[in-house]
DNA sequence: AGCACGCCGACT
DNA sequence: GTCGGCGTGCTC
């Protein structure tokens, strides 16, 4: 079968031509197996997340697999085999992969190995999903195989054997309902039903109706004959929208839910219902953004500032970025919503890519609770309240509110360890050169920038001029628990990391919760909320601390009754701080806009694009030396990081202009590949859009 | 990444 | 003569 491999003589060009002709006539394999008559070559993406193997490989299609080996199916292939002296293929591990195309011939110069097995005839990798995954891999300097692992759930044979339910006819277009509170709301729904792709950044009104509004947008899209997809940050939020959608659509038949806690079988069954077109609407947590909804008309991302939208697995893509890229590729509408607004959301509005979907100020004021601020200096007289370090205003507000309903107390989690801040006004201390966060090095309290490493000998606060610094320490949880003693006879419930409550009754109770774990209160909501130790949130060493703090506050405050019904929020934090001001005015959009302007001025993301390079000092320097960075790329650092398993670690940040993010990712990926080719290179981590750069 | 081929020094 | 050093290159 391979005796024609070395034709005698002839000029090289002609030789190449002969080879070409021979191979095109019929692909050769190592075993001379019988091949498929039609399209005997399968192009395969092999599920091996190695950067330098991020390419397709061609395999021969044995005749027995001619029908099942269709584009999109899962296959097993031998990969990495060697050719022995006797001319036999030897070794080669079996790897999973997907067929991406069937071809008449291969451009590979050599004999093709046959597909080992078609795992299932189910065509799970659609052309659209493949294209999207490639885009995401490139965006994040990762491999296609890594992204596919996030995008396509593991197969479950039993779930696959079951037939999916028959598709339902589209529902009738829903009435605008509570979307009428937004001037552009009904128009937005009408555009979805008409099959248009409107794009909106939605500032949701406080209160319990946002799940219904998401459900209405989904139903409007379904009514127009297109599909819809909703990504939410956690299972609790999914459950709320699931309930709203089930009610609105008169049953659970028209939508599918994808969350991790369903278990592999149920999850795969639901995913297949979407993939097979049985169901046109899907909601779930972050992986849902990849769900292969047929004729996708709408992508909804709720609370895009929530960190669970950032995937912890390589290459760490963010749901919002995936959704925006997918909407562009598939001509779908976008609804990027939340009680808060991210800087990225503000940027989409600023550039005109999306339009705002927000209620008028008067409606906001009617819906939101009253917000009072109180500095830490204000101390309660009551001994128990003092033990809980509860300011008197907060103490009085709680006592008053407990007469009419439950009171929510938000306490920052332990483990928020902020860096240095001004001792007087608590403005975070930043580097004069690159605006990175300052940190104390050693006991001598020498200051240096955590990003660029430049010493800050003569620091003073840019806000108030103070020279005094304060190392922030948090020890708040126990303080909150003291509240139980401060209010004898009142039941105390807690909700936090390990035990999150979904809801509480409308009876008076103290509900102590860490941010993000707040239970919903039945009836009209909490009578009051106390947001304690705000400084601990505000001074976290993160570029997004302000935005994040406001998001956490708004999420808690949105569970409180409207001001007209007596709802009151007391926030214990520096009253002049920007997020505090934004909370008082209930103006998340204004806050995001200010943050955006500041980021632009400082050259921070998302106005610039960044990548972090982490590893041993030698390896980081090595990679940076190899990388052919785009014109005008800034290098910040490298700076030392805490050692990992006794090994010194450094991190460098790279910054480029917007529009050069793709070039930056490509340059870093190429440098990584070049380093792998060198022997014994220590690993370096590359992360695009690093999240923890404060 | 693995894994084998390849071309130069000290052993049976 | 041959065992083995790890430099170099490939994986359909």
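The count begins at 1 with the first shown residue.
Even glycines carry a Cβ here, placed using N, Cα and C.
Caution: TrEMBL annotation is automatic and unverified by curators.
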Quick one: which of A:155-180, A:181-206, A:207-232 does TrEMBL have down as region 'Disordered'?
A:155-180
Which residue among the binding-site residues A:422, A:431, A:464 has the fewest other Cβ atoms within 10 Å of its Cβ, if you could check?
A:464
Roughly where does the domain 'Primosomal protein N' 3' DNA-binding' (A:44-153) sit in mean pLDDT, to the nearest integer?
91
Please determine which of the binding-site residues listed here (A:425, A:449, A:452, A:461) has the lowest count of neighbouring CB atoms within 10 Å.
A:425
Find the one among the binding-site residues A:425, A:461, A:464 whose C-alpha lies closest to that of residue A:431 (Zn(2+) 2 binding site).
A:461
Expressed in Å to no decimal places, the gap between the Cα atoms of residue A:422 (Zn(2+) 1 binding site) and residue A:452 (Zn(2+) 2 binding site) is 20
Using a 10 Å cut-off, grab the number of neighbouring Cβ atoms around the Cβ of residue A:434 (Zn(2+) 2 binding site), all chains included.
20
Based on DSSP, tally up the residues of the domain 'Primosomal protein N' 3' DNA-binding' (A:44-153) by helix, strand and coil.
27 helix, 36 strand, 47 coil
Could you give me the DSSP helix, strand and coil counts for the compositional bias 'Pro residues' (A:163-174)?
0 helix, 0 strand, 12 coil
